[in-house]
Every structure is written in C-alpha cells, then in structure tokens.
Amino acid sequence: MSQGEATGRGAAKPQDRGWAWMVLLAAVVLQGLTLGFPCCIGVFFTDLQQEFQASNSQTSWFPSIMVAVLHGGGPLCSILVKRFGCRFVVMLGGLLSGLGMVSSSFCQSISQLYLTAGFITGLGSCFSFQAGVTVLGYYFVRWRTLANAMASTGVSLGFTLWPPLSQYLLDKMGWRNTFLIFGGILLNCCVCGAIMRPIQPASGSLLESAKPEEKPGSGAEEAQLSNGASPHHPTLQQHTRRTKCFQMLQKYLAFDIFCQNKGYQIYTIGVTWMMMGFSLPHIYLVPYAIHNGLEERKAALLISIIGLINIFIRPFTGLLSGHRIFTGRRIYLFSLATLLCGLSNFICVISAEFSALILYCVILSIAMSGVGALTFQVLMDVVEMDRFSSALGLFTILESITLLIGPPLTGLLVDITSDFHYVFYNSSFFLMSAGLFMGLSFCALEKKNKLREASKACLDNPSRYQYSETSTEPKAESQSPPAVQYITSI
C-alpha cells in the first residue's frame, strides 16, 4: 500500500491549502534547526581549542565534517525516503542530531567530537532537512516555488538566532552544558516530522505515489531462470549484485551526465572548487574578530547580521531569478554573485574594526543570497529534469569533499603563519577563480553552440530550420522539480 493510501482513500487532498501551511511552518523551523545550526560553531572555536589544546586545523575538522556530511548524505537520504517515507526520515534525523550533541557534551578529546557532533549530528541534520524539503513537494503543487522560497527563510532565521543564543549559553553554562541543551533543541526536529503526515500526491505532479517497480536485475534473473538456471546459482547471484550496484550508481550518481553534458561538467567543477572557500568566513569570522580584540558578544553578532539580511534578501532573490527574463542567463548571475563573495573578503583584510566587519557582513550576505537562491535553479538549467535527481546526487557528494578539506587546510596555513588574513585570502582566491571560470566557460560554450547551430542552418533548409535548445539551456518552466531534491545550506 502506498503512502497516500495509508492516509485513507477518497480523502480530500490538502495540496496548497489547509494543513499544507502547517507543514510549511514546520519546514521553516526545520531548516532553522538543521542548516542554521552549523553557523554557530565558530562561537565555540576558541573554547574548544583551549579545552583540547588543539590547533586551528584540528579544531576546524569538527565543523567541516558536520557540513560535509550534511551535504554529502543526500543520496542515502533519498534511499531512506523512498523506502520509509519523509515523516520517518525527518524524525530519525532529529533523534540522530539530538543524540550527537548530547554525546558531544561528554567528549574527552577533539577526535571524539569529530564522530559525535561532526558525523552523527551532521547525518541527522541531513536526514531531517532533505526529507523536510522533499515533503513540501507533496503538499504544494501550484505554490511550490513560493513554498520553497518561504521555507528557505528558516536558514536565515537560524543564522540570526543561533549565534547570540550560543554566546549567551556559553557565557552562563560553558560549552559542555550548552551542547547538552542543543541536543534537546535539535530533538524538536521530531516534532516537525510528526506534523508532516504522508499524503497522496495530486495528479499531474511528478511526485506520484510509490508504485511497485521491477527490482533491479530481475529481468536478467528471469531470463536465466527461463533457461533452467537456479536462482541460487553463484554466477547468477554475482551477476544480479553487479547489476543492482550499477543501476544504483546510475540512479544516484550520474557519471554519464558528467562525461557527456559539458554544461553540467563546467558547473559541477566550478561549484566544487568554489566550496573550498565558501564556508571559510562562517567558521573563522568569529575567531578572527576575537583575535583582533573584539568582544565575544559583538563577534557572535556578526553572524546574526548575515542571517538577518538573508531573511529578506534570499526569498526575494529566489523569486526574482525565477522570472522568465533570466531564463538562460542565471549562470552569469550566479558567477557574478560568487565573484562578489570573493571580493567582499578583502574588507576583512583591510580592517578588523567592528564597523568594517559589519560592512563586510552586509555585502557578503547579499552575495550569499544570490548564490543560495541560484545554485539549484542553474543546475535545473543545465540538466534534463528526468535526470536531475541523479545529477544532484553526484553534485552534492563532490562539493561535500571540498567542504570537508577546505577549512582544515586553511586552518593549517593559519597555524603555520599565525596570520588570520590567510583565511580571507584563500576564500577570495577560490570564490573569484570559480566565478570567473564558470562565467567565461559558459560564455565560450554558448558561442560554440551558436556557431554549431549556424553551420547546421547552412546545411539544412533555412525555412525548415528551428532553434533547438542545447543541454545548457533550461527546460520549459512548466516542468516540476524531481521527486527528491537535495538542498544544501548555501
């Protein structure tokens, strides 16, 4: 029986009305609890260093693992959602997140923190967030774009509220008791999951109810059985396992798209390279401000400023970029936003005064809003919608690798030089080079496609020639998003 049937046949479908708005509210809270949470880790950076006598590089592994697992766990979350449903996965993620932070309060070494707060909490946040975004596709059809834009404000709310709360609890109770309280707060993901009861998708939506599918490899197995082979034959079992493994990789990690689609190849490489520097300011901004004599409360306030501006700018940017006037041009807007992120880092290099850091946060927040709003819209432009889920699986795993190694490598550089300016030099280098690479590469690819179309027009009958979009152009806006989307904390 499908998820929809489990809720009762013949019941009115609550798409775009009624309980759907409660689910949207739960999704907002969920994004604030999961994606917003890693932004407050910088508040504990100095205390953890002193507690465990760890270097900048060693300490930065903890938030790096958390963010990397949050991004890279998308394919695993997709499998669980398909098997158990969104509500179960959201609640499972809440339990893991809470367990990870409660366990972290008892850690006696920085390496134990990697496992508890890094891996377990990161994986739990991934499950809760990814499944929470997926369920919005079930509850919203007509207003799906608006729902996702509104849900993204939860990230900004998290950015705004987590840092001052973290600093207050840290001053009053210390980092261990604070982590214990955080474990209880993250358990509220289970409450959000309980609200997200399963329903049957509306007709016409790509998010159709689960239907019995032919198991991978069953065709080959039946062919062997028809020839008299035993289903327990070792050769047949080995062949079936290989077929299942190949089909699973093809479904969730689309290497064939990466090799054949130049637009997807350029974009994936560019974003993966960009992520080496994108998360550095979130991790090192507070330690940098404290290192330069700023009060801890004011330093924590800087991250809140970024989140507060994001609350208003991110949804507006997302809705604006979805207008058809930007169709086919969103990659250039994305490259420009990435370039602006890189340029803004030079403000911190010039001055560490509080007023200069506020200016930096304002400019960085505006640029980050553009990056966050455009990341997946651009991906939809360069990949066919029926392969979007597979392409996004590879996309998130590759970017999670650079998110994992970027901060520790920069921390090692800071340990060697004792100069925090290298954080912002590194961030600017990766962001600016990625922005220029993507912008110029897509410009060259567009010119190449136009020349190819022009030469094709000369050979064909001009009266019968019609322009055909290449894989780098977006598909019709009427197409809906895929059934399972992996959304990152960008």
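Cβ coordinates are placed from backbone N, Cα and C, and glycine is handled just like the others.
Checking the ranges 146-165, 206-225 against TrEMBL, the transmembrane segment annotation falls on 146-165.
The stretch in closest packing with the transmembrane segment (61-81), judged by the count of Cβ pairs under 8 Å and taken from 21-45, 112-139, 391-410, is 112-139.
The stretch in closest packing with the transmembrane segment (112-139), judged by the count of Cβ pairs under 8 Å and taken from 21-45, 266-287, 299-319, 357-379, 391-410, is 21-45. The highest tally of CB pairs under 8 A with the transmembrane segment (357-379), across 266-287, 331-351, 422-445, is held by 331-351. Segment contact is absent for the transmembrane segment (299-319) and the transmembrane segment (331-351), given fewer than three CB pairs below 8 angstroms at sequence separation of 6 or more.
Among the stretches 21-45, 146-165, 331-351, 422-445, the one making the largest number of Cβ pairs under 8 Å with the transmembrane segment (266-287) is 422-445.
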